[in-house]
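K.L.:
This structure is in structure tokens; I'll ask about it shortly.
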Amino acid sequence: MKPPITGRTVVAGVAGQPVAHSLSPLIHNAWLAAAGIDGVYVAFAPDADRFEVFVDGLRGGAIRGLNVTIPFKEVALSIADVVSPRAEAAAAANLITFEADGRVLADNTDGVGLLGALQAQAPGWRADAGPVAVLGAGGAARGAVAALVAAGAPQVRIVNRTLAKAEAVAGAVGRIAVACPLDAAAQAFEGATAVINATSAGLSGSPGLDVPLEATPETAVVMDMVYKPLVTPFLQRAQDLRRRTVDGLEMLIRQAEPSFQAFYGANPPAGADVRALALKTLEGRAP
């Protein structure tokens, strides 16, 4: 039986459109139950054009904070009263918290999730060991590039079909980042310590990325931010080439950890195997 929600229950959640598929409530509520914390985490689906109104209604302290997903990450950043350096660098917020005085604080934990997943599933990998290639030039790519630069990557190669978009992302972080057209992916992969897919290609049966992963060094790590399916065509190709791989579910869990700390003032309990719970849920949703 779930514990009752009381006047002391700490409420947090995730806001997106759509959001019914989100695994965040499963992850956070499992941690809450394991830790014995009087808290709850729920999903919200605000109208796509009324997110600011939705957030303003929460400034009075109704909830502790929100994780923010598509399509609200950029607007969440724009309406915040205080913006963290991580969110500013990523040009997007995936975490907002509400202060007692009504202020909204914006942060971005995607980079924490990215680096945490790489460290967990590719032990020994280091951001500062060599160039890293990032596929895509959207919000997820911006967050990845910012995190990699902050972690000491000597060069980040942004590979995108539309070169101008890659150039815009590269320009935001300076000379460490370089833009590459998609048809030059093989050159971008040469010598890379990691190749990271920050696009939605391969999600839920959509076409996967057709890129020359065989151009990567044998020691390279290949990561996909997509977690449904867990092993995307991109990761399957990497595994066929005997490259180490990192999946998007691990990133989701790792980026949730600092959010849990911000909402509930505690670290996620080590004994809660939220990955196993999430995998079971994903298997149940498989077509």
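Placed from the backbone N, Cα and C atoms, the Cβ positions cover glycine too.
Just lifted these from Swiss-Prot, have a look:
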BINDING   S22, L23, S24, T69, N94, D110, Y227  shikimate binding site
ACT_SITE  K73  active site, proton acceptor
BINDING   G136, A137, G138, G139, A140, N160, R161, T162, L163, A164, K165, M225, G248  NADP(+) binding site
K.L.:
S22, S24, T69, N94: which of these binding-site residues has the highest Cβ count within 10 Å of its own Cβ?
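P.N.:
When each Cβ's neighbours within 10 Å are tallied, N94 tops the list.
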K.L.:
Please state whether DSSP places S24 (shikimate binding site) in a helix, a strand or coil.
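P.N.:
SS state of S24 (shikimate binding site) = helix.
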K.L.:
Any idea what the Cα distance is from Y227 (shikimate binding site) over to R161 (NADP(+) binding site), rounded to a whole Å?
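P.N.:
With the alpha carbons as reference points, the distance is 22 Å.
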K.L.:
Given a 10 Å Cβ-Cβ cut-off, pick out the one of the binding-site residues A140, L163 that has the most other Cβ atoms nearby.
P.N.:
A140
K.L.:
Any idea of the Cα spread of the NADP(+) site, G136, A137, G138, G139, A140, N160, R161, T162, L163, A164, K165, M225, G248, as a max distance in Å?
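P.N.:
Greatest Cα separation within the listed binding residues comes to 27 Å.
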K.L.:
Closest of the binding-site residues to T69 (shikimate binding site), Cα to Cα, picking from G136, G138, R161?
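P.N.:
Spatially nearest to T69 (shikimate binding site) by Cα position is G138.
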K.L.:
Quick one: Cα separation, R161 (NADP(+) binding site) versus D110 (shikimate binding site), in Å?
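P.N.:
That comes out at 23 Å between the alpha carbons.
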K.L.:
Please give me the binding-site residues out of S24, N94, L163 that lie within 10 Å of K73 (active site, proton acceptor), comparing Cα atoms only.
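P.N.:
So the list is N94.
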K.L.:
Between G248 (NADP(+) binding site) and S24 (shikimate binding site), how far is it from one CA atom to the other, in Å?
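P.N.:
Between the Cα atoms of G248 (NADP(+) binding site) and S24 (shikimate binding site), the distance comes to 13 Å.
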K.L.:
Determine, to the nearest whole angstrom, how far the Cα atom of N94 (shikimate binding site) is from the Cα atom of A140 (NADP(+) binding site).
P.N.:
10
K.L.:
Comparing the recorded positions K73, R161, K165, which residue's C-beta has the most other C-beta atoms within 10 angstroms in this structure?
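P.N.:
Answer by Cβ density within 10 Å: K73.
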K.L.:
Which residues of the same chain, at least 6 positions away in sequence, have a Cβ lying under 8 Å from the Cβ of D110 (shikimate binding site)?
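P.N.:
Same-chain residues close to D110 (shikimate binding site) (Cβ under 8 Å, separated by 6 or more) are A90, A92, N94, A140, G143, A144, A147, M251, Q255.
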K.L.:
Do me a favour and check the Cα-Cα span between L23 (shikimate binding site) and K165 (NADP(+) binding site); whole Å is fine.
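P.N.:
Spelling it out, the Cα of L23 (shikimate binding site) and the Cα of K165 (NADP(+) binding site) are 30 Å apart.
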